[in-house]
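**Q** From Swiss-Prot, for reference:
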COMPBIAS  71-85  compositional bias 'Basic and acidic residues'
REGION    71-95  region 'Disordered'
REGION    176-199  region 'Disordered'
BINDING   C246, C264, C294, C329  [4Fe-4S] cluster binding site
MOTIF     372-375  motif 'DEAH box'
Amino acid sequence: MESKSGRFPFPFQPYPIQESFMEALYTALDQRKVGIFESPTGTGKSLSLICGALTWLRDYEEQRKQEAARLLEGQKDSDVVKEKNSNSGPPEPDWVSEFVQKKAERDMVNKLKDEELKRKKREERLEMIRHNAQLRYAMKRKADEDDEAVKLLQLSREGAEPETHSPEEEGLIVAEYESDDEATPKSRLCDDDNDDDDDLEEEHVTKIYYCSRTHSQLAQFVHEVQKSPYGDAVRLVNLGSRQNLCINPEVVRLGNVQMMNERCLEMQKNKHEKRQKASDSESKRSRGLAKATCVFSRFENLMAMKDEVLVKVRDVEQLIQHGRETHTCPYYSTRMSIPAAQVVVLPYQSLLHASTRKASGIKLKDQIVIIDEAHNLMDTISAIHSAEISGGQLCRAHSQLSQYCERYRSRLKAKNLMYIKQILFVLEGLVRTLGGKVGQNPNTQSCQTGSELLTINDFLFKAQVDNINLFKVQKYFEKSMISRKLCGFAEKYEGSGINTHSSSKNKENRRTEGLGRFLQTLQSKPTDVSEQQMAVEDKPIMASPMMLAESFLFALTNANKDGRVVIQRQACVAQSSLKFLLLNAAVHFAQILQECRAVIIAGGTMQPVADFKEQLLFSAGVTEERILEFSCGHVIPPENILPIVLCAGPSGQQLEFTFQTRDSPQMMEETGRVLSNLCNIVPGGVVCFFPSYEYEKRILGHWESTGILQRLQSKKKIFQEPKKASQVEQVLSEYSKCIQRCSNIGGGQTGALLFSVVGGKMSEGINFSDDLGRCIVMVGMPYPNIKSPELQEKMAYLDKHMPHVAGKSPGKALVESLCMKAVNQSIGRAIRHRGDYACIVLCDHRYARTGTLQKLPEWIRSSTHTHATFGPAFASARRFFLEKRQKATL
C-alpha cells in the first residue's frame, strides 16, 4: 500500500501526520538539512523514518543512474565530434583550460563506468546468493565440515605440551616505535594476498546510518524494517559490539567488553603473524603450541558472509545464528559489509565517538545520519567523551606498567622506554592529586575528603605533568597498543607467583611473581554481601586498568575551555577518583554535521529545542537556514487525553514542592490525599512519579506512619520501581497481571499503583499503554541538584559562552530544560495508540507558568487545563473516566 500522495510505500494507509512526517523528512534529506523531528510515542515514528528515508534513497539512486547514463551517452557523442574536428585548424588560445575541462570530464566518465561495473557485479553476486539455494546448502555443508575439523583440532591440543616461555612472551613486548611514523598498519583481517581485489577496494555507496540508545531499540527498528515494504530489497547491516556479536567461546566467556576486545584483537594479531611466518615454518620446525587464533575469522568465510549479510535483513540474534551455522564471525563480517550497505544500524557509541567510528570502518562523507531517541543527545555526547578513573585503578596501572618495564627493559627500544617512563610519570602525578603515592597500597592510604573542580590546564599544573606532551603520549598509546600488551601481561601473571620453564629466567621471575599478589591487595574487598553483589553487577574488574588511564589521558587533550576535571577525595586513595567532564558537546558533534549530507535528530519529545539548537547546532557552525524543524501532534483524538495542572490539594493547601516546603508534613499529607482521591476514580493502573529516590523514600515513610499508604492499598495494589535493572521486568509483569486480574474479577481493588522516580528505570523506554497507565501523576518538578559541582560548572560555561535569551541566563535555562525534558519523558509514555486514553496530573502550581507550559509537547500543551483548586480538577477527571466507561459499554 502507498500513501495518499502515492509517493511513499507503506504497509498500511498512513495517518496524515505520518505523511507529513515523511514529506518533511524527504525534503530534509534532499536539501541537505539538519532536521529536528518530534513525533510522540505511539505515532509510528520508526516506520515513518524507514519509509520516508528509504524512498528518498531509492529516488536518489535512480537519479544517479540516469545521470550516469546521460554522461556516458554524452561521452560517446563527444568522441564523434572530436573525430570530426581532429583535422581542423590550430587550437584556440584557451586550449589549456579546454584540455583541463576535457580531462576532468574523462575522469568523471571513467569513475562512473567503474562505479557502474562494481554496482552490477555486486547486484549479480547478491542476486545469485539470494536465489541459489544449492549454493547456500553447499556453504552450510562446508561449514559443518569445518566444525568437525575445529573439534578435532581442539581435541588434539588438549594433550599437547604447554608452549615454551620465550615465544609466548614475544607477543607481550611492544614493537619498535618511531613517533613520527604516520604509516597506517595493514588490516589484520586480510588473509588474501590479492591486494587489488575489487571487493577490498569497494567504495561506500550513499547510505543511511541509523543509531539509537539501546540494543533493544535497534532490534525493534530492524523488525520494523523487516515488516516494511522495503524489507525484502534493502541491504541492511546491523552493527554491534563484540559483546553482542562474538561467537568465539574463548572470547565470550570473558564477559567484560573491554577484555573481549583485547582478546579478539590479540587473536587477529596472532593470525596475521602466523601468515607472515608461514614460509619460515617450512624450513624451521616450530616448538610448542601455536598462539591462539580465531577459527571464525577465515578470510574466505568472512567474504562469503559479508554478502550473505546484505541479502537478507537480520537482527543481532539472527546474525549470531547465521554465524554459528557458517562458522563465521558476525562482528567482522558485518563491518566488511558496510561499504555496500544501504542502511547501517548501530548504537550511539559507534557513531558519536570518532575513534570507534574509525575503527568500525564508518565513513560519513556525504552520507545520511538519523539519530533516534535523541532527547538526551547532548548529555549522551558528553557522557561518551567524559572519563573517570579511581585511585585504585591508577595505582594498579602504575604497578603493572612498572613491572612490565622492569621485566622487559633489556628488550625494549629507547623510544619505548622513554614513552613508558613518561606514562609512569603522568600516572604518578595523577595519584598525587588524590593525596596518594604510587607503590603503596591505596586501600590503606588515607586522604582528606572533599571535592575540587579545575580547568584542564590547572589540573595538569597541579599534577605537575604540564611539561608532558599528551598528544604524543596519546599517539604512542594508539600505535604501540601498550594497553593491550599490558592486559596480556597482567592476565599471564595475575594470581599466585609464577615459575617459568627456563631456569635461566629466575631473576626475571622474581621481579614479577609478586605482581598478582600485589594487584589483589589493591582491589577493595567489601565485606557486606549486598555490597559485593552490587560491585559485581555495576563495576566489573578489568584486566588492564591502563585502558581506563588511556581514556582519561585522551580526554585531557580537549581544549582547556571545553572541559573540567573533578577531583573527588574519599576516605582512602583507592576510593577517590578523577573525572573529566565535557562541557562543550558541539566540539565532538561538529565533524558529523560537517561531513554528512544530512543529519536527522528525532525523538518522541524533543521539547524544549531552543537550547538544543544553541548549544549543539549553532555552536558547531550550523546556520539557521540549514535547520528544518518538524513537530506533529498525536494520532489520538483530543478528547482521549486530559492533562491537568493542579495548583492545590483537597484541603486548599497550595502544591509547591520546593526544597524548603516539600518535606513539610502538611505537603506530604496533601499529596497523599490527592493521590487517594484519584485512585478512587481511575480504573486500571496509576503511575506516580517522584522527583528523586530520596524523596520517594521520605514521603512513603510518612504515608506509612500516618495510614495514607493503607488507604491507597485498599483501592490499588502498590508496586514500587526497583533500583536494579534486572528486576524491572518482574515488577512490570506483576503490575500488569494485577491490573488484568482486577479488571476481570472486580472486587475492592480496582487496579494497581506504581511508584516510580523521574529518570529512573520506569520513566524512559517503558510504555504504559491502555490499562497500565490510565493516570500519570507527576509530584513536583524534578529539577537537578543545583549544588552539584558538575552542573554549576556547566551553567557557568553556558553563561560565559552562550547568548542570553529573553533576559534569562543560559545556565538557568539549562536547569529548566533538564527538568522539563525529564517530565516530558515520564508523561509521554502514557499514550501508545489511537484508541488509548489517559489523564496526566501535574502536581505543582509552578507548572501553570507560561514559560513552563511552553516546554510541554504541543499535543499535551494544547489540551492542558490549569485548576487553582482541587474540586474542579477532580470533577473533570471523574467526568473524563465516566465518559470513557460509558463509551466502552456502547
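Counting begins at 1 with the first residue displayed.
Backbone N, Cα and C define each Cβ position, glycine as well.
Keep in mind the model is a prediction, meaning the values are calculated, not measured.
Quick one: where do these features end up spatially?
**A** Taken residue by residue with DSSP, C294 ([4Fe-4S] cluster binding site) is part of neither helix nor strand, so it is coil.
Across the motif 'DEAH box' (372-375), mean pLDDT in this model comes to 86.
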**Q** Could you tell me what the rest of the chain brings near the motif 'DEAH box' (372-375), counting residues at least six beyond its ends with Cβ under 8 Å?
**A** 45-46, 49, 210-213, 217, 221, 601-606, 821, 824-825
**Q** For C329 ([4Fe-4S] cluster binding site), what residues in its own chain, 6 or more apart in sequence, show a Cβ-Cβ distance under 8 Å?
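**A** For C329 ([4Fe-4S] cluster binding site), the qualifying residues are L245, C246, I247, N248, C294, F296, S297, L302, M305, G323.
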**Q** If you count other CB atoms within 10 A of each CB, which of C246, C264, C294 wins among these binding-site residues?
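**A** When each Cβ's neighbours within 10 Å are tallied, C246 leads.
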**Q** For the [4Fe-4S] cluster site given as C246, C264, C294, C329, which other residues of the same chain have their Cβ within 8 Å of the site's Cβ centre?
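**A** Checked against the 8 Å cutoff, the neighbours are R242, I247, N248, V251, M267, Q268, F296, S297, Y331, Y332.
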**Q** Look up C264 ([4Fe-4S] cluster binding site) in the DSSP assignment and report helix, strand or coil.
**A** helix
**Q** Taking DSSP as the reference, which of helix, strand or coil describes C329 ([4Fe-4S] cluster binding site)?
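**A** It is coil.
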